[in-house]
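**Student:** As listed in TrEMBL for this protein:
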BINDING   B:GLY41, B:GLY42, B:ARG63, B:ASN158  substrate binding site
DOMAIN    B:7-241  domain 'Aspartate/glutamate/uridylate kinase'
SITE      B:LYS9  site 'Transition state stabilizer'
SITE      B:LYS224  site 'Transition state stabilizer'
Number of protein chains: 2
Amino acid sequence: MKPVLSVVKIGGAFLEEPGLVESFTSAFASLEGHKILVHGGGQRATALSRRLGVEPRVVDGRRITDADSLEVAVMVYAGWANKTLVARLQSLGCNALGVSGADAGLIRALKRPAGEIDYGFVGDIASVNAPGIANLLAAGIVPAFCALTHDGRGQLLNTNADTIASELAVAMSDKFTTRLLYCFEKAGVLRDVSDPGSVIPRIDAAAYADLRAKGKVAAGMLPKLHNCFQALEKGVDQVFIGAPEMLTPGHAIQTEITL
Amino acid sequence: MKPVLSVVKIGGAFLEEPGLVESFTSAFASLEGHKILVHGGGQRATALSRRLGVEPRVVDGRRITDADSLEVAVMVYAGWANKTLVARLQSLGCNALGVSGADAGLIRALKRPAGEIDYGFVGDIASVNAPGIANLLAAGIVPAFCALTHDGRGQLLNTNADTIASELAVAMSDKFTTRLLYCFEKAGVLRDVSDPGSVIPRIDAAAYADLRAKGKVAAGMLPKLHNCFQALEKGVDQVFIGAPEMLTPGHAIQTEITL
């Protein structure tokens, strides 16, 4: 039987408040088996950009990563956010090691070609170094990825954290029974966004098509759900969306995504 | 016979200019055998602090690390400086993995107790996780340390990069023949600071005492030489001070420190 590997993505919003960092890291540390953390760092990067007079550029709701924005992202994601999480996890007995995709060549990406929009230093994942990650896991290490990759030619690139999580889960699914868990501020995908109790326990492809047709999926949830289905189609065993509490044993409220 | 391990420290000044980063990383990548990089990041942190209105506090020539300064140090050292070096080394085929002392619990420190001066979030090294580092080296990884540690209770701490390099070399000397190499902007310790050609090829304890008595050692060089002798006394096999060119095969100009 293949060993179990949980890939947990935590949104950047959780890094804004010390209380949320504490509750998330405690839940993550308690999770049994092999595990990988992937974190965003969004709002803090925006705040630092503003303080430095680097105005974030957004086109059609997509952030543009120019050279100054990349520097800010690297400082916040790989620096403050990553090391704060790692130090906290270490204090809880969880042997975290913080990485970007450049470290040990773990995730290589291609700079997105400029089309109608030039996204700047944004990378789409080209390959995941699964043996390198397996080596770290075998050494009892818990890799903690920030949302940065590299092109193998010395250039760091900004890469969506949700996508990093799903691609990692996919790449490891040959050797591990992989569980992909997207943690965010709600208890799951809601039937009614104004009712936090309306968590949908299970969404399969048919239910997803139905929800989309009825315009019932929040805009921000669409790419997340797309990542979930892609991960399942490419071999990931289980996919969940919910609050960090879903990482603790016995917790039942969450949304499971199935094919 | 024990395998050879080189611990190379590069000063923060080298990170200021892309040309210097390139020449250093090329020299480091060409170095054969197991190796560890340790880097500073000083001037860039000072510049970022100024831009953010965080005025660096210096008492008796020693930098004080308050909470804001620590955040800047983590962003610059563990973020920009570390990941820029790692991405560049990866592009040269050197399998670098950037770490702080918090990552994989590699270096634990104690917050320096406040005496006449309260240094703030500054850590003195308490222990090095030699088996953890040996595991990374055995996996073909080149650890690249920034000048940050942790206290094991969730607090990141600023720690002198020269000291990190010497303590790493000492801790690994049980299992490896360790070489400690301090790279900086000069070709070695100079007999006459105004003459770059006056490199002293070898300084032993007697010569060091003599140089000090004559007031011939630059103030900044004293703690570095102190680290060198401490490392040798604690089991490090060879210690060198010089320019990055000393990492390349056949290069003869450098200062060797011996007991």
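Here the Cβ of each residue, glycine as well, is placed from N, Cα and C on the backbone.
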**Student:** Name the residue among the recorded positions B:LYS9, B:ARG63 whose Cβ has the smallest number of other Cβ atoms within 10 Å.
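**Tutor:** Each of the recorded positions B:LYS9, B:ARG63 was scored; lowest Cβ tally within 10 Å is B:ARG63.
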**Student:** Look at the recorded positions B:GLY41, B:ASN158, B:LYS224 and tell me which residue has the greatest number of other C-beta atoms within 10 angstroms of its C-beta.
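**Tutor:** Comparing the recorded positions B:GLY41, B:ASN158, B:LYS224, the most crowded Cβ belongs to B:GLY41.
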**Student:** Within the domain 'Aspartate/glutamate/uridylate kinase' (B:7-241) only, compute the mean pLDDT.
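**Tutor:** It averages 93.
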**Student:** In whole Å, note down how far the CA of B:GLY41 (substrate binding site) lies from the CA of B:LYS9 (site 'Transition state stabilizer').
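**Tutor:** Pair distance, Cα basis, whole Å: 11 Å.
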